[in-house]
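Annotated features, as they stand in Swiss-Prot:
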type	residues	note
ACT_SITE	His97	active site, proton acceptor
BINDING	His265	heme b binding site
SITE	Arg93	site 'Transition state stabilizer'
Amino acid sequence: MSNDCTCPVTGRVDKPIASSGRANRDWWPHQLNLKILHQNPPLGNPMGEEFSYAEEFKKLDLEALKKDLYALMTDSQEWWPADYGHYGGLFIRMAWHSAGTYRTGDGRGGGGSGSQRFAPLNSWPDNVNLDKARRLLWPIKQKYGRKISWADLMILAGNCALESMGFKTFGFGGGREDIWEPEEDIYWGSEAEWLATSDKPKSRYSGDRDLENPLAAVQMGLIYVNPEGPDGNPDPVASGRDVRETFGRMAMNDEETVALVAGGHTFGKCHGAGPATHVGPEPEAAPIEEQGLGWKSSFRSGKGGDTIGSGIEGAWKPNPTTWDMGYLKVLFKYEWELVKSPAGANQWLAKDVDEEDMVVDAHDPSKKHRPMMTTADLSLRFDPIYEPIARDYQQNPEKFADAFARAWFKLTHRDMGPRSRYLGAEVPAEELIWQDPVPTVDHQLIDGQDIAALKDTILASGLSVSQLVSTAWASASTFRGSDKRGGANGGRIRLAPQKDWEVNQPAQLKTVLQTLERIQKEYNDAQSGGKRVSLADLIVLGGCAGIEQAAKNAGQAVSVPFTPGRTDATQEQTDVASFAVLEPAADGFRNYLKTRYTVSAEELLVDRAQLLTLTAPEMTVLLGGMRVLNANYGQSRHGVFTKRPETLTNDFFLNLLDMGTVWKATSEAGDLFEGRDHTSGELKWTATRVDLIFGSNSQLRALAEVYGSGDSQEKFLHDFVAVWEKVMNLDRFDLA
């Protein structure tokens, strides 16, 4: 007899799908995660491979869109009523929390991909009820369709919210493209519970409250700080330390931090009308009938004046829908008493409040409340560095408005890369130092004949293949696909801080740069017209020449593509502190590890490959080529599996896969190895974990076998040259 409940595929009744069983990572939790190299593939993008968001954005009537957003601000909906009849505070928070996940340590996070729509961000405790903000935006997104991404719309809505309440913003640049699945490459922390305090297992803190890198939030599920204070302790001075650390890791200095907090908290209110026990599960855990909405509340109406969010309740100042100096006035005018909100959260209320400073209730005009401050807010008054900055802003309203406008623009655009990527009519004309500016091309570029002649000159200069390749790699490989920073354009490898980074071998780098600068000067001086070559271009061209020579050494003729057009930035255009975060702590492609880390060297390699936007095959062929080109840090022999270095062959893979070699760890940490002849015991090679992972990991070994096959030399050369060109041009947004 048939069973109608039996699965027609497996014949089983219960749990017939793959996601119901144990995954490979459940069996082998330390398995190397290569999936982060293949996120958001074209097959998962409904827009199709021919879709160009930049072209669609050009068709957008930005003025009409903004008018619709302005109208939305005061179009209060019964299903989620607007506080004070204005959604401005909600949309500012949505935009802030979209952009505010950015951290300088690895450039990840931020609002550049619309990731707030997906887990985990859509369900973070700090993003409570922002699902409602996005649903309020849906009719507008639906109207304009592909011409505006969710990523751009969320930021623009924040701008329009500010403008609709009387604030003049600094500008807006579009160009953020949506992703279509959660980002898996971002490390948000190791804690196993939301909002875990620093005393819990797997804490992100060590020592004297030292926050783990690259994290930029104090607890799992928060954007920055706990508004109640460190671990909920209502200490404004201690909170100031947390604020400084987290905002600093988001690229904000003290002045920008004060401006952002004071400016942002000029608007809206916090929500803690009742106990959090009334709040239902977050969107990712909510039942299917909720259709992606979460945090359904059973407290009275569950909305409007009964809303429960952060647990803190109230507004910071009177007129929460108007730009004015009220926040700073109230902050310094009153003394503050610590109280518990109706939800039980620590917060502060002003004492002996004048009638003019009382806050009208957000939903019942017959009620008034005392202004409130969070512990984090009070750090602006009691932190010895923040306090004078805040008082200066209070006494200089125009300075404060300008500082907030600039800080807001930086907050919402920091992860977009150079100004050339911004789209739209509201892009500010002013060039800002944090945008890593490079000069525009103001000269005639070198042509094919010049390129060939310069290659010959470089190869005759006495510089080795290793030196040329290493220098070009050092220049280009600073690029981060996360925030579109770094890369060879600008030639900043010759400037502080990059010229002094240990990984760049400053002594060797100086020699190479002096030689290339001489070649550059001789060439430019010989030109009668306006033709010039930049050092940035010459550095990359030197790497191309080195690779062609290495292929020639192997008896192969290859032409490495080169496109001129890079320019040389000045030291004045380079923020040393800002660029310092680009220094590699590890670069597996150069077999460099600054120190030993709790994370394995092979995981750090994959992480860097992901930042370089490489696929697993690209990472594999690139590393194999770099090894035989002898491009290791310090000319180390680890992983140089060839008897003919500086010859572009697939020897790395041939010798890695040789079953006649027996490997044994030679360091207590298990990060250095010797490979000896299986029969004689003679030492053949030395290696690091980064080298041997290509023979150990089953996926990487499968790729290594492709390049280690007898007929693979031509494919190896082709694929290596292709990925080399890709890395050299990662920051060439002008070529897109």
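Placed from the backbone N, Cα and C atoms, the Cβ positions cover glycine too.
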Within 10 Å of the Cβ of His97 (active site, proton acceptor), how many other Cβ atoms can be counted across all chains shown? 22
Just to be sure I understand the packing, how many Cβ atoms besides its own are within 10 Å of the Cβ of Arg93 (site 'Transition state stabilizer')? 24
Which chain-mates of the residue listed as 'heme b binding site' that are at least 6 residues away have a CB under 8 A from its CB, listed by sequence? Trp316, Tyr327, Asp377
Secondary structure at the residue listed as 'heme b binding site', reduced by DSSP to three states: coil
What kind of secondary structure is Arg93 (site 'Transition state stabilizer') part of, going by DSSP in three states? helix
